[in-house]
Amino acid sequence: MAAERGAGQQQSQEMMEVDRRVESEESGDEEGKKHSSGIVADLSEQSLKDGEERGEEDPEEEHELPVDMETINLDRDAEDVDLNHYRIGKIEGFEVLKKVKTLCLRQNLIKCIENLEELQSLRELDLYDNQIKKIENLEALTELEILDISFNLLRNIEGVDKVTQLKKLFLVNNKISKIENLSNLHQLQMLELGSNRIRAIENIDTLTNLESLFLGKNKITKLQNLDALTNLTVLSMQSNRLTKIEGLQNLVNLQELYLSHNGIEVIEGLENNNKLTMLDIASNRIKKIENISHLTEPQEFWMNDNLLESWSDLDELKGARSLETVYLERNPLQKDPQYRRKVMLALPSVRQIDATFVRF
């Protein structure tokens, strides 16, 4: 297949970006969030389960036979090369691509990152869904800005410290247990480590340009070591083991905060986060809406699946003049026969209550 530029490739690029946005939400909550939030913040439960099943496959059980690279005709002048699901077993023969900027090798049978030294103009490398166990041999890719090695078999973050121009790093659904070896990535804007085995937020204080941090579906017990990330606008921590909202005082530019599926009991610690437009605290153990009356920018408020009983708590949201979406279902107050009517009366700006739009 000749790898060519054009309308077809542009469409492929757009599909890759949509895929990557979805994987960036690896925190796994209600599918409705994908429709109501400005950026996709969660992977649907079914997609997450499918991904887990893929990620846990034993590569030794793989019955597909690798393709012979000599049967693939590469366009030497191509800037964008998409070889998604080609049964490629080894990275080889790509040295002819002197002009390539984007190389997509998704859903192949690759076990090792190798033979990329000649691709010095490469800016995006996509190795999503392969059988890679180690990040290595990237030193020559000095122009690389986007790297995706999600859904592989990685256990450590390594081999990226020399790729100092990286802006986006995706390592979703691996077996990583520690955040490390990222201190040289001063240009990094997005870091996605969802669905791993991480227990602590650490070793990210030099990532001062970071704008989006996704750590959903890990084993993190505490919000900490975030003080240096003053440019952070999106923080996603769903499906961890958090019990308290804390450590966010320096995140004055934070706009979207996702804390669903944890063990949080009290809304607190948001005194300095005045730019929040999205607050997701669904599926926790919270009994009361409090300590957020100073937030005037929220457009979405997710507090479904908690322990909210009192209608007077909704007064805490009246300062949010742009509030359009609230999720309060599966709280005790939903048992009220006038549930939707009372929400509308308390929050007249709201246009969507749970999954249903308000009719006037």
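Yeah, the Cβs are placed from backbone N, Cα and C, and that goes for glycine too.
What Swiss-Prot records for this protein:
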- 1-64: region 'Disordered' (REGION)
- A2: N-acetylalanine (MOD_RES)
- S12: phosphoserine (MOD_RES)
- S24: phosphoserine (MOD_RES)
- S27: phosphoserine (MOD_RES)
- S44: phosphoserine (MOD_RES)
- S47: phosphoserine (MOD_RES)
- 77-98: repeat 'LRR 1' (REPEAT)
- 99-120: repeat 'LRR 2' (REPEAT)
- 143-164: repeat 'LRR 4' (REPEAT)
- 165-186: repeat 'LRR 5' (REPEAT)
- 231-252: repeat 'LRR 8' (REPEAT)
- 275-296: repeat 'LRR 10' (REPEAT)
- S322: phosphoserine (MOD_RES)
Within the repeat 'LRR 10' (275-296), residues counted as helix, strand or coil by DSSP:
0 helix, 3 strand, 19 coil
Restricting to the same chain and to residues at least six past its boundaries, which positions have a Cβ under 8 Å from a Cβ of the repeat 'LRR 5' (165-186)?
20, 23-24, 26, 51-52, 55, 128, 142-159, 192-204, 206-209
Limited to the repeat 'LRR 10' (275-296), I'd like the whole-number average of pLDDT.
98
Cβ atoms near S322 (phosphoserine) (within 10 Å, other residues, all chains)
11
Please report, as numbers and ranges, the same-chain residues at least 6 past the borders of the repeat 'LRR 2' (99-120) whose CB is under 8 Å from any CB of it.
12-13, 16, 59, 62, 64, 66, 76-92, 126-138, 140-143, 149, 159
Using DSSP, break the repeat 'LRR 2' (99-120) down into helix, strand and coil residues and give each count.
0 helix, 3 strand, 19 coil
The repeat 'LRR 1' (77-98) resolves under DSSP into 3 helix, 3 strand, 16 coil
What does DSSP give as the helix, strand and coil breakdown of the repeat 'LRR 5' (165-186)?
0 helix, 3 strand, 19 coil
Secondary structure content of the repeat 'LRR 4' (143-164), with strand meaning DSSP E or B:
0 helix, 3 strand, 19 coil
